[in-house]
């Protein structure tokens, strides 16, 4: 069985694993152990490696590389005819489990414990074979010979190499024989061939000794000179220890070769001067470097999880610089990542954001531009904005432990903001200033009775009449408490006060005196005892009050005059009495029945029916206490117990104080009077305790560290550098706390850094010119003389600018390229002319057309030689014209954005108010100026007297917010009883523009409304009736003045007040449905009749209303009838209770919520939504709430709820960042950019953010100078025809404008003085290189073609992931046909590349010309190539017919068969070939000349053939719609248009004929319509 798990106590190789072992029959069933051979029994346990979790660090899988993709042997071995994507394959790799430290393989099971074994094989793709693809051939070269028969060739290069087993490249060269004019002289069959130079070798010691020996026999003076020179050289050598310069020599072979390249005798190559075969050279030395230094300590000394690694460095130095070597020195510095050592490393500092306190909440930033409240900002409340500053601090607790000792340990010092990486906390937020709730008071109560100031202390005879009102809405905010409420009590001094009095409730019936039936009597008053507030009290308290006496009355006897009861007293005509005003009250009664003629008491005259009495006799001098505002809370030292901190009004309070206020007695409409006039006991308090909020001192962070001074040295003087430090206010002082005294910003000058040491190369004198040893020179001219060309070296050292010695590395870093160490030199021979070097050119003094010169002089013995004085051959002076500089300036590029002048706006209280940063107004836009000289070369702009820009004023339009009118006045409440609504509106005055605040939602007439609920008091206005008049009898001629008639009364609408109905108002203010009747029918009783009183009130219907319930009213008999027989009728009236007629149900109704209402002083924020509660009668009418209250109905609705109005927060932007560096260091297209960010996105109806968050302006134009190679010269072999020569090129300083298509123009080298000498990214400049000049007849390889484009392996434009490849090739050039067998192979070189592209190859074909056309293959970028296109898909290039079409009127069609021209029909043979073309018959239309109209033949016409009329009699007309070019003729369009018009005409006529006639209008409406204007809602209408 399988092995079980590895078990054991210890980790590692000491584990044991077991397995089951049993004996089985061959067929698979288990049998006894004894049936199996015991000797062959496998063991059932073995040692194993027990894996533990910590082994994960020690073991890991090692993955080998994938091997090559091998094809899978497919089931069907047939290959597809065309390869589309490639062949599927499989690739394998090795995977082993490794012990990491010892790098030894381990068992797979160990690694599998932690991670499953990675895949060992994977599917792969063998792409389609790709054949070699080559370009088109170049043009033919010139003929290889100028006369006679030569060869000319043309070449092509490889575009894509063969890949994945594709076929190789075809020949890259084609040649053909060419003939020129016949040669006049015989061509030399031999040419002089120069071989390559040998390696540079030092002279043999013997040769050197010989040279020295030759120098021995010198005089002592000379010897002394040589000694000095040696010492100096030794010193130089020491300075030159980095360069071991040894001058040796090298030789080359000169041979004569024939056309086939075989050597011939040198004499056959006749030539005056043979090439030099030796020269001095410098021995090549490789770079030598020291051993690596020790590793530096790790750059990171702390540890954290973000970037756990630092770096460490080791260096080495150059011991000896390379000379003449191609190899550069190796890297001198090596870095590697490292981890700070051990667990002891402290954790790295971490940083986090901190924020200061929020500033005070301010509302004014939310106001729109035209808001009138901008002027008075103190009264604003509601939603606002507050800001704070954020700064970055170090947050590690352990590193901040020293701060625990600080007083303000929570404030650690600010550090550079860049150290904080998390999201920046927001710096603005919405806040809320609670709006003060105004004090609301009830109406005044009625004046009370004259009462003592204090009923418990009744002194003197002076009292007061009082009237009161109460606070209905407690004020909050502002000056908190009732201090802001008006006075609640008014008093009038009065005489004879009393605290309790009797109040008559109702009069009893009239009881006649002495128990008689009728006659004079008395009415007893029912009374209760009341106090001065009108409340019923114990009757005992009224024991001192005067008890009301019974009222005299008269009970009418039969036939007496009957009067009604007195009406109640009217309300007093004035509230007080003065000189001109006297309060009066009236009551009246009227006649119910007249007296009889005989014996009855007669009715009194009219004046006796009315009574008047005085009322409100107190004078109109009203007094009240007036309070001033509460003063400041002043600390009360007497209260010491209050030492705890409490919160009161949401602010922490630390001590108790006292507040006082002024209280004076005021007479209404007069002013302050003595305090005795006001009731002393009701005087408001003047002192109250208060809580003092805690003092808040200013808290600032400690100073940040000083900013760093520039640590490196300074180049030149660029002003004094400063360093600064700052700190942040965390808490502003409040409530008398300590102010912020110290500065928040400090700066000091940096210590002056030392000036930068500049370094320079010092070149020492050239040593003597070293020639090739004379033993090598042998027979050459000058060998014995010791003259000719040689090479000399010199020492160079590194110096500081002041001349002091410096290390060579300083100069390598700071002093530019190393000066030349060796140069060619010439030891003049006797016949040579010697000159000094050329001087520098004289300077140009700026005049146009002036000349500058340079000179040299003849030296030494040459002065005497005539041939040296020949100035034509050896000129001593050279001249050059000075440049004529003319400059012109031109604007380049686009205009910049409009840029506002930069100026800091004062920021108020750390809060940016809207429009703080200047965002609009006049700015400037800029366009760069470029300066060119007369040759069109870009020069510094200062040459054109320009500062680099054209400036133009521009305007950034200021945003204008939506402007609305002020609110209109509130409308009246829509209901006179119960809850209604009132409305006010604003209208649009100006739409927003330039990104101003948008308008709120407007209606179709551009108005915005505010609707709020309102409540009208149902008893505000009421109907007041006077008593009914006497019943006027209709029939006056009756003997007695009695019978049916009419009576009237006055009904008036009165305004109701606390003192009762006061003044008459318009009738429409009272409810018309409730208006009492002003007249009614009546019956005046006759003298003998019974007289009953007016009807009493109806009793109330019991609820619920239904017909089974009744209500009733009654009247009392006042006068008994005269006759015994007559009785008074039953004076009770009953009626059923009818719902909504005389009986009503009542219920509460709650209105909808109002819109969110803000305080007048708020812009947004918390508001209140209200709703109203109505008492509604069952017929739907709103009534006084008392009806519902009497029924005790539940009212558990919430009438107010808080709500939010979104604040219109304008978009706030950061300041513009500083201008960026220029995007280009030089040229025309450089741009500087600055950006800003949104610090507060807009909200609600705030001003939206502008789109322009980035501005750019052009940089000043600077010319781009750089070094550029000139072209290589042709390969030059000195004094020979072929072999190894040299080619050279120059470098020049060029200027360009930085654009891709600008051709660089050469300028003086001085312009590139500051440009680093790098060409094509390489510091090493190659100005000379060896080259090979082929001998005539040689077969040779052309130069390498340039690298092809980087090409990927793709299918259908998708990269298969094999990477890009580039290729270049060398073609073979043949000069003589017989040398063909000596030609080298053509060459191909590939390299991988990164920025590859997919290319496709397609067959292209030209238009057919006759039976042929050109077909070629083209790459998708338009390059014509050979190869790449699939051969199976190649289109035909030839379409000629076999056999050719020889029959008349036949031609070869595209299908390669013979067809007939149009107008002819084919006649085919039995095998399907064309036999002949016969003419198709034609329709002939006879003309005027041709009378015979019986010819009716027809034929189709070849549209392109001109018609021929063979007879010439009459003309035959063919309707030919097609022209000779195969297009429709013009007349066809004309006929079609005509037919279309005719069709439309016919359809129109049919329609008009069928249409029913319209009935004539009967009546003309002549009234003018009102003019209607189309109105689009624009306020400008």
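Including glycine, each Cβ sits where the backbone N, Cα and C put it.
Summarising the annotation, TrEMBL assigns domain 'Spondin-like TSP1' to 132-183 (among others).
Under the heading region 'Disordered', TrEMBL lists 194-239 (among others).
Among the features that TrEMBL reports, compositional bias 'Basic residues' is placed at 206-216 (among others).
Look at TrEMBL and you will find 226-235 (among others) tagged as compositional bias 'Basic residues'.
Residues or ranges marked as domain 'Spondin-like TSP1' in TrEMBL: 287-341 (among others).
The domain 'Spondin-like TSP1' annotation in TrEMBL covers 561-620 (among others).
Under DSSP, the residues of the domain 'Spondin-like TSP1' (962-1004) split into helix, strand and coil as follows: 0 helix, 16 strand, 27 coil. Taken from TrEMBL, the feature domain 'Spondin-like TSP1' covers 962-1004 (among others).
Feature annotation from TrEMBL assigns domain 'Spondin-like TSP1' to 1211-1264 (among others). With DSSP states grouped into helix (H, G, I), strand (E, B) and coil, the domain 'Spondin-like TSP1' (1211-1264) comes out at 0 helix, 19 strand, 35 coil.
Counting residues of the domain 'Spondin-like TSP1' (1339-1398) by DSSP class, helix then strand then coil, yields 6 helix, 24 strand, 30 coil. For 1339-1398 (among others), the entry in TrEMBL reads domain 'Spondin-like TSP1'.
Annotation source TrEMBL lists domain 'Thrombospondin type-1' at 1443-1482. If you average pLDDT over the domain 'Thrombospondin type-1' (1443-1482) in this model, you get 81.
Summarising the annotation, TrEMBL assigns region 'Disordered' to 1494-1516 (among others).
Per TrEMBL, the feature transmembrane segment maps to 1531-1554.
It is 1211-1264 that, among the stretches 132-183, 287-341, 561-620, 1211-1264, 1339-1398, forms the most Cβ pairs under 8 Å with the domain 'Spondin-like TSP1' (962-1004). According to DSSP, the domain 'Thrombospondin type-1' (1443-1482) comprises 0 helix, 17 strand, 23 coil.
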